[in-house]
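Lifted from TrEMBL, the feature list:
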type     : residues : note
COMPBIAS : 16-25    : compositional bias 'Basic and acidic residues'
REGION   : 1-66     : region 'Disordered'
TRANSMEM : 90-108   : transmembrane segment
TRANSMEM : 120-138  : transmembrane segment
TRANSMEM : 163-184  : transmembrane segment
TRANSMEM : 196-216  : transmembrane segment
TRANSMEM : 285-310  : transmembrane segment
TRANSMEM : 363-385  : transmembrane segment
TRANSMEM : 496-514  : transmembrane segment
TRANSMEM : 521-543  : transmembrane segment
TRANSMEM : 659-679  : transmembrane segment
TRANSMEM : 756-778  : transmembrane segment
Amino acid sequence: MAGQTSSIGLPPRNGDVSRRLRRDSQAVSFPELTSIDTEYDSSDVELQPNPMSRQFRERESEDEDNSIYPEVRAAVPASDEDVPINTVRAWMLGIISTVVSAGFTQLFGLHDPPLAMSPYVLILAAFPIGSFLARYTPRWEWTLLGRRLESNPGPFSTKEHTIIAIMAIGSAGFNHGALATYVWTAMETNLGFDNLSLGFKLLFFLTTQSLGFGLAGIFQKLIVDPPYCMWPAILPMPALIHSLHRTPPTRMGKRPQHTGSPGTAIKHVARHNAFTSWTISPLRFFWVAFGAISVWHLVPGFFFTSITYFSWVTWIRPNDVLVNQLFGARSGMDLLPLALSWSQVTAYQSPPQATSIRTVSNVLGGAVLFLWIIGPALHFSNVWYGHYLPFSSSSIFDNTGKVYDTSRVVNSPATGDHSFNSTAYFEYSPVYLSTTSAISYGLGFGAVSSVIVHAALNFRDEIWDGLWATFTRNEVPSARHDIHGRLMRKYPRIPLWWYLIALAVAVGLSIFFVEYYQTGVSWWGVLLSVSINLILFAPIAILDATCNQNLSTDAVSSLLGGYLWPSNMVASVVFRCLSFNAIGSGLYLARNRKLGHYMKVPPRVVFCAQSLGIIINWLVQTGVNVLAFACPLSATYESSMVFWGLISPQRLFSRGATYAPMLWFFPIGAALPLLFYGASRVRIPTSAASKSTSQIFEPTKPPLRRLRFVNIPLILSSIGNVPPATASNYMTWGIIGIFFQWFLRKRHFAWWHRYNFLLAAALEGGLALSSLFIFLAFSYPGVVLTWWGNTVESTTADYAGTPLAKVSAGQIFGPSAWS
């Protein structure tokens, strides 16, 4: 077997053979991805095969003409068209779209309500403009730097469309832009820092964004090139772009023809019913869904806002605090969760149509466990003084149950002294968190430690292969048989030293920034941040690329920054941005590089598009922020800076502090993947005498083998956005995910294959357009519709965050002395 060659003439590495045999003998399943046979007909197999096993790779080599993953097959054609790419109009439209997107996002990102430019709106807007230019622009030719340029090289192509999308959304996607701009807005507007220079702002923004650019590039062969790194969140975009440029002529009624060998042919015959008899074209279906959600969102978005969170029980008993804490969707447990606005379904998660059933199951399981079992048990037991606080709130509180007045523990902001006033702190109050906030912080700690162990156990070979290919300039083994990887071979790769130089320059600029502007962070703090990012980026990116879930490092970055620079708001928030924001922006850049991979855009063109997009975003967002009005939501970042930087985590999580047990989540998070991994592989010895003749030569299957489908990082990060997210956001999202990824995918695969990802794109795009209309037509001019349907929610105890108990005047809860 070691001497065999693949069907494309590449001999396997010697290590691959032993690795495959070892993997097969252990019968370990890759938890997220499924092969064609098991996905089309899962009734004839008990367990899904490991995608990196010998059986799986044999299927890969047999199916050379398309991706083995149904998700990719449904969204991305297995072809590479010879169409214009690097054109003048593509770069012109890309620059204009990026300027508009960056300016709009920065101007309204912190407005109340916040508003961001959806990538789907940009994709839709670029298509008619590009088509118009292709139709009416005169044909001119000229030479620039030895290259022949044309004003109109022909029809507007999918690759030009992709360049525009990558420029406009790739560099500004994370956190609706740059976290740095929101932080310095809070520093100036809410905390009284009036000496922040333009140079401070420019370098703060540039360093945090450019660090992510280098990270994503270094790990390109580990998180972008392998076919198992599907990045499901990006799949609706190629589906939309291809549908806009051409509509496939296939009809419903039977499944798409399989182009592989007979051994991997689709086993089902489509069921003819109301789903499979649809003949509407995908593009027309998209516009119908787009129009429907645009019209519907006007109802929960303006005319009947109370059904956004449909907590109807609290409307009946608005003053019953217990009922409101049980069924409230604002600050309660939300035991009857139902969100009737699509904006709440995808507010904190990727579209459920693009998320696998196993990811949905793990996230739902975690949400039920922590929001409906552990959380209520802790709350009603008065742990952390929950009786005096809302069950769920993102605010911090004092020992009377009121929102913490941070100005009372700051020395003198008016004179520029933003240091911590310890005397005032001891006279005022310690900080208290709602039950869900405390749990969320603990889970955030555990999720980071668990994802490292999870990646080491389940992806160690893939990580090694990716790193080996990166530093030896070889191809990733798993990408050799992937059709999209083979089609991309004709384009020159990006040398590793390009990204190493980019990262080195970003690190140098970061050190200059923290030292020159005396932020309090030393040069070694920058190196520590980069080291942490290098360790965490690959495991988190793999989780995002396979499970469509973004694990946040915000809590860990804030905790570490607060411990290293206690009572120093500026130093802790700068370290937080260098760590958390770098990973977040790197993930979005990697996701959009996968978009370029799917759309067959040359890697060097993608490199230039992302580089130019970052520069434009850097300049435009900084300029708009300097000239823009004060933003109401900047107060959110003020509370975070005071909580983590000024009061510092020593007073909350150190030994003897109220929330010290939350630090135990670090070892718990590391231990749980080991526990489930080991339990799923334990085999019970069986004597030969007790076996039948047919069982003697069969390997014994571990009795708890299905525990390998339990994904600890997903469970621990499941409620990472709570608060402000509530059970309605997760449960509604999960129900829709089960419907599309289990019911429709299993029973009506032809419908799912043709319309699923286009529906996701239509709902996101229509929602964004409707939200923009509501903002410009009603919110910005100050038009208010006052009637029962818009005010009933605000009259409830749930909306007010009323606790179960209140302290008497002049009294406090908790200890009488604190540290």
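Positions of Cβ are set from backbone N, Cα and C atoms, glycine also.
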#### Entry: Tertiary contacts of the transmembrane segment (120-138) (same chain, 6+ residues out, Cβ under 8 Å)
89-90, 93, 97, 101, 151-152, 154-156, 160-161, 164-165, 168-169, 236-237, 240-241, 244-245, 761, 764-765, 768-769, 772
### Query
Under 8 Å, at least 3 Cβ pairs, sequence separation 6 or more: does that hold for the transmembrane segment (196-216) versus the transmembrane segment (496-514)?
yes
### Query
Have the transmembrane segment (285-310) and the transmembrane segment (659-679) got at least three CB pairs under 8 Å, pairs 6 or more apart in sequence?
no
### For the transmembrane segment (521-543), distant same-chain residues with Cβ under 8 A (at least six beyond the ends)
211, 215, 219, 222-223, 229, 448, 451-452, 454-455, 459, 462-463, 466, 503, 507, 510-511, 514-515, 549-551, 553, 557, 560, 564-565, 571, 574-575, 578-579, 582-583, 586-587, 590, 713-714
